[in-house]
């Protein structure tokens, strides 16, 4: 090869970013030389192209009346029931389809609530994917799944969109049982590259030739599993496509995203088209093959050819992905149908070996000005007025348990400088954005990285700080080994605040906090508690602050408090460890509730009192350690003891019966019954519908009590 034989335009490849002079060329040194023919057009980037294009899209939507309450006209979308109906459309028609699809998403979500911003950001990408690929033969995986609404509309579910996230309606995420076009169920983040790689390897082992596409982004690239999967994908070298949906919620240190040049527009289009050039890709494949088949000096030369090809093809920001073994293309304008179709078609048709990553830059909330200006507030929405963007939030006399937790933690931090808070990209969801505003240097957002969050908290505890790790109950599952090995085994005083405990309504089984009591209370050193109301939540935050010799956790539900008086100054009072309380004295039947289930027990007591049965209601407060004296007293003074919890088998009730059995309290006439969530997943729906399906309504508790004492119960239902 000749040294310095070819000069590349600097807008294609420069060290550290894109050149501001698009016509200036830069020569490769002798150590980075490769002879080939490449076009070198002199393109002038338009710094306003992105904003101009966005304005046109917004204007077209407004002109069609899509911001009003009535369903907007969608003549082209009305002809599309499944992806097969898109195949004969022109690119111009695909643009019209995208506009109409975006309008339909806005209209439908305004009526049901749901994840709006993420879905609006991938409209063009969704259209292009279904235009080029053929699901369900080809597999398209949507990471997290909250951006899947356009996908659902195009795959036969448009007529069911008014049922989104409602009882017996469509799931808010992809779900295998809902459609053959949903090849993998999601809800938690950063899983699709792993699953997609498994599908690709399975395809290869079975001799098939379908495509596998994993769409990931919207924060999911902050989780370690995504990089573990890419590392394995690069090693296995199986054909698959990873689409990085970069909507600025992804930790990607790409200079062009923050530099003076816009990351989208004519410049990136030319770069992306060049990078998908089959000749260059085949060059890399030849080099890759040489490195695997030859040794000695020729092996070293072939390795350099591969390295140079990667460098010239990839462009700025690709180093990480290329080092992991993924062929990088991008960045690509995720709202430019022409480019998306061209690149996806090229990638699909080019015979290659190994995984490809296409870096697509999108805008969250695209095409709806209210969502564009406040993508945080329009990530997940309740019902809203499309014309004004105003969300119809229910006016409640009480605040959410999430807010009460945050206020309690702020109150503790005001008087204790060692209190710190950690969350995994969920400042709003956990309430810690309130803590962040008050104590910006004592609140840590670690990204969607629950494993790191737990061990990071363990390290903070080692230094004498008092870390509160606020993670949804269902997301705590992702970091269980860290809870066991890094925290509990070492008796480090990390405090786990587990929001969304129990049934969670519209978010369904992926977010249901069913298992935390079971997997936390089995740990030898963990203190496990749950408040029955918002006042006790304040007290348990104070209790957790005071526990400095071992880890602790407390769970609390989604939804609002019941309206009890709060502690003065929002400052809770520590509870004696392992001490429950009697809320109502009665006879014959004792209802022992744990956490939010205590309120259902009180409701059942009212029903039973109307039928002449005065029962005892107790609030356990602690699952570990149990209030053994309280349980022993209830068991000895009542005919029936019913434990009630909004959790799975193996939780609070199991700990109670273990004690009852070992203490000999089951050897007499006592009748004990546990009431727990059924041993199956409960689908999304209204909270009351979910409780009814679970058999944990006050009427179910009352009926169980009546049945155990031999009284009729039919009138309860």
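Cβ coordinates come from backbone N, Cα and C, glycine included.
As recorded in Swiss-Prot, the features of this protein are as follows:
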| type | residues | note |
| --- | --- | --- |
| TRANSIT | 1-58 | transit peptide |
| BINDING | 146, 187, 188, 189, 219, 220, 247, 368, 450 | thiamine diphosphate binding site |
| BINDING | 218, 247 | Mg(2+) binding site |
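Overlay of Swiss-Prot feature records on the structure.
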residue : record                            : DSSP class
146     : thiamine diphosphate binding site : coil
188     : thiamine diphosphate binding site : coil
218     : Mg(2+) binding site               : coil
247     : thiamine diphosphate binding site : coil
450     : thiamine diphosphate binding site : helix
Entries of 188, 247, 450 which, being binding-site residues, have CA atoms within 10 angstroms of residue 218 (Mg(2+) binding site): 247
Local Cβ density at residue 146 (thiamine diphosphate binding site) - other Cβ atoms counted within 10 Å: 23
Other CB atoms, at most 10 A from the CB of residue 219 (thiamine diphosphate binding site): 23
